[in-house]
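Here's what Swiss-Prot has on this protein:
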TRANSMEM  93-109  transmembrane segment
MOTIF     151-154  motif 'KxGQ motif'
DOMAIN    187-419  domain 'Protein kinase'
MOTIF     212-215  motif 'AAAS motif'
BINDING   S215, K233, M320, E321, L322, A323, N368, D382  ATP binding site
Amino acid sequence: MWLELGAMLRTTCGPLGRAVRLPCAGALRLRPHWWGPCRDCLAQRVHQDQPGRGLTEDEIRRAREARLRKAPRPQLSDRSRERKVPASRISRLASFGGLAVGLGLGALAEVTKKSLPGGSLQHEGSSPFLTEANAERIVQTLCTVRGAALKIGQMLSIQDNSLISPQLQRVFERVRQSADFMPRWQMMKVLEEELGKDWQDKVASLEEVPFAAASIGQVHQGVLKDGTEVAVKIQYPGVAESIQSDVQNLLALLKMSVGLPEGLFAEQSLQTLQQELAWECDYRREAACAQTFKKLLADDPFFRVPAVVEELCTTRVLGMELAGGIPLDQCQGLSQDIRNQICFQLLRLCLRELFEFRFMQTDPNWANFLYDASSHKVTLLDFGASRAFGTEFTDHYIEVVKAAADGDRDRVLQKSQDLKFLTGFETKAFSDAHVEAVMILGEPFAASGSYDFGAGETARRIQGLIPVLLRHRLRPPPEETYALHRKLAGAFLACARLHAHIACRDLFQDTYHRYWASRQTLPLPAAS
């Protein structure tokens, strides 16, 4: 757990996919725009034999003018390519098998080259498996199969190079920035299976090329018949059924070829990851979570949640109101005051989610937070990884944070045992390292004035503790903490990247008193 948290604090979370917006097929004249009016030729009507009323020229003009007034939209990565998703387990296994053979042949060629007079590895001391050719094989395979395998690759991209080799980190950084999208026929098949053959009756138009492609699905821009712009997320076929096998195949392959560090993916963390991926593949669950957050944040002055489009929601298709804005990592050019406000609100949201709602969207991807400068609000996206927290967990967890904020090391140790982080039989080296890690993370809540997130060395200090924490841990941490600490680390990282100065102590103290007031009881004493 501390390994994941420390690594998260060292680098950025992966974007959903952005850079150069690809023009629609109609604009490129590769083939007709397949449904609805072409975005770049809006007055043109194609497929007029399809059922449903198309937009009038006046409606198109008004929609275009409204779109120009709205905030920027995410854009597809220029590295993304149209590529069929292997939908069956056999075809996905074949992809991993082909990768294993390719890595072996590539490594053999590299070793052979080294054995020749004057030969050497591409990088001195590097693994023969991690040649440029093999790196490209890994990237291409993960971007082809997508699903759980690509998700793990994106997770590994944010590990610090003290945990995985710089070579492997560079490989997974390329994976993080790339995600291919499925071809038209495969996407059409999913839409027809989920929404029926008459799904076109539900929309006025839907763009053929997605504006985002990620590990589980891709997102298309569409327009309802009333002119409402929507984002339609379509899941890749086969990814939900292949979660466990994909995880096992990829990790076995990587451990065999490039040697992932011991403890990076412990058994319990793998089980938790597989459960989270299963949640993310259930779009009906995600729609329900989005609606829950929309109610919880209905009166919030800073955050908004797009409306769910019920008629476009199934297990593998999710329609929501289209949102505009820029991801958090693109807010660095804003004024110090605006950056402080954004980060303050982000931390306030995290504390509300955990200690007021006890329901949190745990994906720290910066593309899930879109800042709209015109309204000075942030739109929240992607609720697939949302989860609830029980009161027993939050009762103890808030006391751990409170002890760290108060600088009480003994109470941090005791409350960590109450939380079942520790058994009480750990070595002194482990207990000291655990307490020190908690105290480091509690520093923003202990500072009497504004805390300068950009000036701290939080990540480096925690990284130094990780070897001890891995070597001497007697029990896995509570399963709730895997996702929780990813989210908190992502929030701290955003504050550091934006060089925010925030008075965190008052924010937490207010949260603490409100929490116990809502529980109508006194803070829990330490267990004897």
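Cβ from N, Cα, C; glycine included.
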- Count the other Cβ atoms sitting within 10 Å of the Cβ of L322 (ATP binding site), across every protein chain shown. 20
- Query: Once the DSSP letters are reduced so that anything not helix or strand counts as coil, what is M320 (ATP binding site)?
  - Reply: strand
- Task: Could you break down the residues of the motif 'AAAS motif' (212-215) into DSSP helix, strand and coil, giving a count for each?
- Result: 0 helix, 2 strand, 2 coil
- ATP site residues S215, K233, M320, E321, L322, A323, N368, D382: biggest Cα-Cα distance, Å? 21
- Task: Among all chains shown, work out which of the binding-site residues S215, N368 has the most CB atoms within 10 A of its CB.
- Result: S215
- Query: Here the binding-site residues are E321, D382; which one has the lowest number of other Cβ atoms no more than 10 Å from its Cβ?
  - Reply: E321
- Message: Within a 10 Å radius of its Cβ, which of these binding-site residues (M320, A323) has the fewest neighbouring Cβ atoms?
- Response: A323
- Task: Would you count the other CB atoms within 10 A of the CB of K233 (ATP binding site), including those on all shown protein chains?
- Result: 24
- Query: Which whole-number mean pLDDT does the model give the motif 'AAAS motif' (212-215)?
  - Reply: 82
